[in-house]
Every structure is written in C-alpha cells, then in structure tokens.
Amino acid sequence: MNATVIDDGVGPAPAVGQAVPRTTDHRFEFSGDAREYFRIWIVNLALGIVTLGIYSAWAKVRTQRYFYANTRVAGAPFDYQAQPLAILKGRLIALVLFGGYALAGQFDVRVQLALALLIALLAPWLVVRGAAFRARYSAWRGINFRFVPDYKQAYIRYLALYLFVPFTLGLLYPFVKAKQKAFLVEQHRYGGVPFRFTATPGDFYPSYLAAFACGFIWSMLLSFVMVGAIGRHVSVDGTPPPMLVYGFPLLMYAGYFVIFAFLNASISNLVYNAVRLDNHRLHSTLRGSKLLWIYASNTLAILASIGMLIPWAMIRLARYRAECLTLLQAGDLDAFVATAQTDVDATGAEMDSVFDIDIGL
Amino acid sequence: MNARRALYFDGRSSRAHAVEAVIDGGELALHGDGVARREPLSALRITARLGRTPRTIAFADGAQLVLDDADDLDAAFASADRVQSWVDRIERRWRSVALAAAISVATGVLLLQFGVPWAAERIARRMPAAVEAGLGRSVLDQLDRWAFEPSTLPPARREALAQRFADLLEPGEDASVRIAFRHAPKIGANAFALPGGTIVFTDQLVALVGDEREFLAVAAHELGHERHRHTLRQALQGSAVAVLAALFAGDVSSAGSVVVAVPTFLLDGHYSRAFESEADEAAFATLVAHGISPRWFATIMRKLEAEASDTTELPYLSSHPPTAGRIARAEGLADGFEAALPAQHAAVH
C-alpha cells in the first residue's frame, strides 16, 4: 500500500516496501484569498440585511466552508457540511431566548440577574452542544469528526471549578483552563479514534503566571507614572489634564493587548503540541510578536476602513495560524474508519455564538 | 469531457485514492488507484460553488469525490443548490459586489444616523417612570461616591436659585424635576441632567455665575436635556451601537473589544453633539418665553470656556458642539430678542 499518494511533497519520497511506521511532516496550508473572500463577505452582509437576517444562516455556512475548504493538510482539504436550514432553526431559537433575556433585563434587575445565572448554568451544556455540532459537520478525507458529550465533566470543568477560583486569588485559573482544553481535545474522535491530550495543568502555569506578572508590573508602572504626572500637571482646581484621563486607560489597554497576544500564542502552541491521534501529533510554532503585529495591524486596518478590511484581516490571521501548524504523521493516515453518526441539532451551537461563549481550542 | 484529477474517498476509511474522473453521457466515471466506479449523475449531489474552493461530489453510499472547481460542473449536476448557485453568480460579478457594498454601507449609515436615535427615543418615551428614576438614583449614588461632596453653598443661596429655577418649569413639572447642588472639585464647573428628573449643579458652576440669569440659562439648557430624556437616550444609543458593532465585527474576536469600543466612543460624541444642540434650542425658547435674553447663555458659555481652556488639552474630544458656534447662535437670537425689547436688556452689554 502506498501511504503517501497524496503527500504534499514536504515529506520524503515513498519507498515501496519501506518499514512502517515512518514519520512524515505535513504542513497545514491555507489558500484563502482576501479579494475573493471580500466578495463572499460583502454579499453575505448585503443579503443578510435585505432578508432581515434570515440569510445569515447561509452566510455562516459559506463563510465556514470557505475557511475549511481552503485549509489543507496532507493534500486533503477540510470540509464543513452543516446545512443552512439547521443553522437557521438554531439561530431563531437562540434569538428568541436572547431577545427575551435582553427585554426582561430592561425592566427588572432581579430578572436580569436570574437570567444571567440561568445562562451561567446553561454554559457547560452549550459548550458540549456547540462542540458536538461543529465536530459532527466537520470532515477530512471523507471521514467526520465527532465530539462525545460528557455533561458531568462539562459541568465540573466549565462551572464548578470556577467557583473555587476566587478563593485561590486566581491561582486556580490556569488549572481550570488546562482542564477545559483537555476536555475539549479528549472528547473529540476522528474515525472512531479518540484524541489524546498530553499536557498537564502544570504546563499551563508558566505562561499564565508570566502573563499575570507582566499585567501586574505594567499596572504598577503606569500607576507610578500617572501619580507623578498628576503631581506636576494638575491645575488649581484639582482637575487632571485630559491627556492623562484618556491616555492612561489607552496605555493600560495597550499593555494588556500585548500580553494577550503573547499568552494566546504560547497557550495555542502548548495545546496543539499536546494533541495526539494514534501516534500522529500536531506541531505549532506561533510567535507572540508576529501574532501581536497581526492583531494590531488588523485592528487599525479595520477601524480605518470602517470595517471593509475585515475579510482581509480574517484571511491573514487564518493564513498565519495555518502556516504555523504541522501534522507530524507517525504511521498510517489511511486507517481511520467511519463510524455511525446521528444528526446533531444546531440550537446549542447557535446559542453559544449568540451568547459569545468562547470554546475555541 | 476531459479527465480530471480528483481524490476519491470511499466513506469508510480515510484512505485517499488519486483517481481520474470523467463526466460523460450523464454519468460520472472514476478509475485509477484501485478504484473503478461509474454512477449516473442524477444519483450524486455536489456541494455549492464557492470561490475557487474544491467541490465535493457525494455518492449515495457515503463515498466522496473531491475535485478542483470548474465552470462546467454546475451545468452537469441538476442537483446543485439553487440559492447558493444564484449567490455564487452574484459574488462573481463586480457590479453586484459593488451594489452589495453600497447596500451595506448605506444601511450602516442610515441605521446609525436615524435608526438608532429613532428607536432610542421611542424606547425612552415608553420607559416606566420608576425604572428611569431608579436609574437616575443609581447614577447619582455613583457620582456621590466618587466625584461629589456635599454642597458648601449657603443654604439661602441654594434656596434662592432653586426658587428662580422653579419659575422656569411648566405647570405640573415640579413633581418630576428636582434640582441639587454638589461640591465637585474633581469635575469643576458643570451641570448634569440625570434620568428621572434630577438636575445637578456643581458649586463650581454657581461660583462662576454673576447675574442669576446666567444660572437660569444653564438651567434651561439642562431642563431641555431633561424634557427630551437625553441622558437615557444617550445610554440606549450607546448600547445599541455596541451591539451593532459587535454583530458586524463579531468574527474578528481577537481585537474585538477595540474594534467595538472605538466606533462606540466616536459615535457617542456624535450623538451627544446632536443632543447638545437640541438642548440649546430648547433653552433659548424657554429663556425667551420667560423674558430672559439668550445673551445670558452666551456670557456664561464664555466663562465656562475660559475656565475649561485652563485644563482641556484635547478640545475636540469634548462632547459639546464647538462653543463658538453655540455662542454665536445665542447672540444671534439675543440680538433679535433685544431689538424687540431694547430698554429692558441694555444692562447686558
């Protein structure tokens, strides 16, 4: 059997009769094009407007398909197979619930609090439903992914553990994040084979502690500078100059933005590098400085173009993330087999996007 | 038709077969890499066309064929998704793309310029009075905690100003509008119209006032804010803009908060300038109706401007319209007003 029929050419040439397993590196490739995607994006937007939002389900499918289909590894593209009507149904249900929440909250703070509590209680369920929906309709090489629901673990890792974070001065937070990432990875299946996650909670601490420390030092530093500046510039009636009033939060935010980019890069690398499927693994080489540059220039470009460069920004971020990811093949990539799949309802998946619950890896 | 290179997956394993595919005579034929298969096109489904992305042809038994996109594929498959085929044609024509861009931008501008203010005005008008009053109380509590101290003005002075202010109110309005004085060293000379009818004047503002009519000019302006529910509408519009910006740029989550915050901040200033002009006009009408020249508005504005220029280094970030324009407007109206009643107001000059 020739296992490298569709090799992308990065790995060594196949030799007939060579002993398995051998290791081949397959870089992820992203072939999306900003001009092409702009057309899709702007038409999605305009049709969404003229159909009062109904078209947004089709828009979502076309967007997802565009990014999936333009991402290839080991010669084969990914495939997004969700149907617009299923997404539309999920969106309508999510919208009714969200609308009820927003309206009820206008009239009574207690209702608002009760609903916020309800959403917190629903969040772990939404995480599971969303992941299950996405996995069910994501495929590679004709085989679908699958997410095996485990509600008990979801409630422990996305709700119960959070309750202890305040009592540990936040020091439990990296542990909670590690448990969540492990949950998301390990509940996924490809061709019936479970993904494994090799990182331990301890691996998450250096990055988070460094980020906490930098955030703390930056806040302290700015506070000292601010106090000094106020001392020199304050006017007779005690009003600080607006330069400080606006400049201080801006600098504060800029610092957090930088920390966020570096933390994002290092946690993404950690998570991807800890993923195993059989003996195959992923290798991620994101750099914080490059990610920071992309985030910052994307933000400025989007603001300066009143949003018209959003497609360009999305494409370049997706390209960089794909470029930094490699599949380290160890053994056979052809041996994954399909397992029976049932349809997954889109309501949970659409609710989590309405409530903006972040479950990305 | 010519043979096309394609990847065939049998749907049972992840093995990729590099095959040649030929569409001919209503059939799809595959051969190569251990595969030999022939199916009528009517039994196959093809994914909708999308840019240059590869197409996937699904067989009834779960097998798939992935091949490069080509112009003639949709013609061969009657099963193609009609909605998405039509959308694909729109995406490929630059004229319809330009139309889509025009529709999107025009909708955004109309929504922000007219839609959001209109909706906020209607919601504010229907807001139960108790909710509005509760909102105003919580704002005042916050300000009392962080920025305000109890007024140091003599009670007699406060009483006198409150008495003069009450004269501006329309019959029955005294039940809903109250005034309050606060010492505010961190804020300086200013006045605030809170939701629910409370108007706060800082001691620093009262200190700037020479003639009582200057105080009444500011009070009439704040009363204009109060009557038009500006503070509540401003808050509602701000939330609406934040929600719209988040919907629009929702996919750009990484820098999401900046992408949402900056337009919200800029539009906030835009909306607030409109409210200030509206409150000015309301103030001029109130003053004239009570026989007070709008010139008093101009004189107190000059004093406020002189006061602010000591501290403000970024005047364009101010929420108010350019002060010079407002003063000119007040003086223009004052000239007309005083021409009608020359003797009474000569003292102003």
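Yeah, the Cβs are placed from backbone N, Cα and C, and that goes for glycine too.
TrEMBL entries are annotated by machine, without manual review.
What TrEMBL records for this protein:
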TRANSMEM  A:38-58  transmembrane segment
TRANSMEM  A:90-107  transmembrane segment
TRANSMEM  A:113-133  transmembrane segment
TRANSMEM  A:154-176  transmembrane segment
TRANSMEM  A:208-231  transmembrane segment
TRANSMEM  A:243-272  transmembrane segment
TRANSMEM  A:292-315  transmembrane segment
>> How about long-range neighbours of the transmembrane segment (A:208-231): same chain, 6 or more residues beyond its ends, C-beta under 8 Å?
In response: 170, 173-174, 177, 240, 244, 248, 251-252, 255-256, 259, 262-263
> Which one, A:38-58, A:113-133, A:154-176, has the most C-beta pairs under 8 Å toward the transmembrane segment (A:292-315)?
Replying inline: A:38-58
> By Cβ distance under 8 Å, which residues at least 6 away from the ends of the transmembrane segment (A:243-272) in the same chain are close to it?
Replying inline: 177, 181, 185, 199, 203-204, 207-208, 211, 214-215, 218-219, 222, 226, 229-230, 233, 282-292, 295-296, 321, 325, 361
>> How about long-range neighbours of the transmembrane segment (A:38-58): same chain, 6 or more residues beyond its ends, C-beta under 8 Å?
In response: 66, 84-85, 87-88, 91, 308, 310-312
